[in-house]
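The structure appears right after this line, and notes come after that.
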Ligand SMILES: *[C@@H]1O[C@H](CO)[C@@H](O)[C@H](O)[C@H]1NC(C)=O
Ligand SMILES: *[C@@H]1O[C@H](CO)[C@@H](O)[C@H](O)[C@H]1NC(C)=O
Ligand SMILES: [Cu+2]
């Protein structure tokens, strides 16, 4: 039978759709399902405990991505599954027709993949079937029905515990009555260790018994607040009289002089790829960032006691930063002019889960200035030129247990990319006998934020992997040190000058930030007309803390890279996760610092810059019961990339109507 015109049309439509798939597009729900079905049809399915810990795109090699759309690389999924007590790495072909398992490798090693949300849920209800737990709770006079438990990664401490070598998680509990903020009411002193593969409690301790903090004053919900209310603001909104200024074409985003690919990964969260800026002189797009995303978020707490010492979290590697995505609220998380994108992830049993409003995109204009000058120098005449700062923001938020994180990628017409990290949410607090700051001993490991409530000292280290390809893949890393010089001869006694060093190998690419060193990624093969190497500078915008833990401390071995804010490595597609592909119970043998020990050459080749935004957090009362946003970040700023200020020919905006009718 000859194909009907309708069938032909359908086939044509299908071809067009598949041609539109960009090689870096995240897996669709259908692709997740098809990858899981293929694995379920393989011998691995005979394991009763088959669970899926990572289901994502098997990123095609860079040349294949750059060759698109002339040729399209095959679509493949990368899956990390657990079956029995073994970890399997699978690559699945998602190509035409039925897919197939291309490879299935058993991982040998002491560390483990990201937890699934399902197994964390299962572990956190185990105490309720464990009689000693009911006794602990009863002894404290708490109704069992008021108790709620959550899971904490156990870390690795080099000891020979009963459960060493097993995949375990710690369960601790809270009183969830009288407040939505159960984190503020810990049942301090009770700790259960769960073997995740056997799904049973293997260790239980009830050690100390400080009072459970009261519910009063802990709730953050509007409905739970009592007068006097305030402060009040009059509503503020954004008006775009001619509509939005950006275009969403599949996962490609085009706005002003920028274009980039926006993706999502269950471990990293939002991913920016192929960020290119149009050179208005040459009329062509020039690549800046091949791929950038959060690689790890290390959060060590500073209390060595039995209930707290292990709290040294790797939020991306252990919990899945992307899996922890919180849907964004229109009008508050993102302004009225925002567009929202959903993402698809896989649950532990492999079924796809859609997270609505996972990412938002909006143009930001907050009345700021991009450049200005007023000239008073001409007698009787004044010249003023001002250009407004309008930018495009890509926002994504994750909630890992108690903490909320907001990650922004902000693109500016000047060529800058600002990467912002922000922290909010609820402190991880410790129940204590202390009720007044005067009672605190020198080594309380935290600050008193409410009666019987200690906000424990801790850090947040956000490590970004930035595969910068400034005007091409082969780049160099240049450090410009400002050096004071003693002047001889003239009236001046001193000045400063600059000493430049191009890093030849990785050891020179590791930098502790200081105010007198400028860091640049340049393309030594491309120069401006007057001979400067084109480049991008890296500027800290707050949050430059490094880890204070000892090098031989176990959590520090696992996150050794947090002693320096900047690392530069040669591109290696296997090196994506700063704390290693398997971060749970890792031992520090597969991480950024370990890779860099090879001291490979990094001059004039494809390099990756790793940047850590670090924050030491000494909690205070304003962080309670919910913490106002605290921000840090950095800027990638064009430096001799353009021939001159790229906004010089930007025309002033048309005069807009003033919105206020009158001022009172
Ligand atoms: C895979 O295992 C599940 C659970 O044991 C079972 O329900 C399913 O039918 C199996 N699938 C295949 C294709 O064998
Ligand atoms: C980049 O540098 C590498 C190593 O020196 C070289 O093999 C490669 O050809 C260069 N690539 C380009 C595009 O110049
Ligand atoms: Cu904090």
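Cβ atoms here come from the backbone N, Cα and C positions, even for glycine.
According to TrEMBL, the feature signal peptide maps to 1-19.
Marked as domain 'Copper amine oxidase N2-terminal' by TrEMBL: 22-97. Secondary structure of the domain 'Copper amine oxidase N2-terminal' (22-97) per DSSP (helix as H, G, I; strand as E, B; remaining residues coil): 22 helix, 23 strand, 31 coil.
Residues or ranges marked as domain 'Copper amine oxidase N3-terminal' in TrEMBL: 113-207. Across the residues of the domain 'Copper amine oxidase N3-terminal' (113-207), the predicted structure has a mean pLDDT of 95.
What TrEMBL lists as domain 'Copper amine oxidase catalytic' is 237-647.
Around the Cβ of residue 315 (active site, proton acceptor), the same chain contributes 296, 297, 298, 299, 321, 324, 398, 400, 405, each under 8 angstroms and 6 or more positions distant in sequence. Look at TrEMBL and you will find 315 tagged as active site, proton acceptor.
The DSSP secondary structure for residue 403 (active site, schiff-base intermediate with substrate) is strand. Long-range Cβ proximity for residue 403 (active site, schiff-base intermediate with substrate), meaning a same-chain Cβ under 8 A and a gap of 6 or more residues, is found for 299, 423, 424, 425, 426, 428. Among the features that TrEMBL reports, active site, schiff-base intermediate with substrate is placed at 403.
Taken from TrEMBL, the feature 2',4',5'-topaquinone covers 403.
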Can you tell me the three-state DSSP label for residue 315 (active site, proton acceptor)? coil
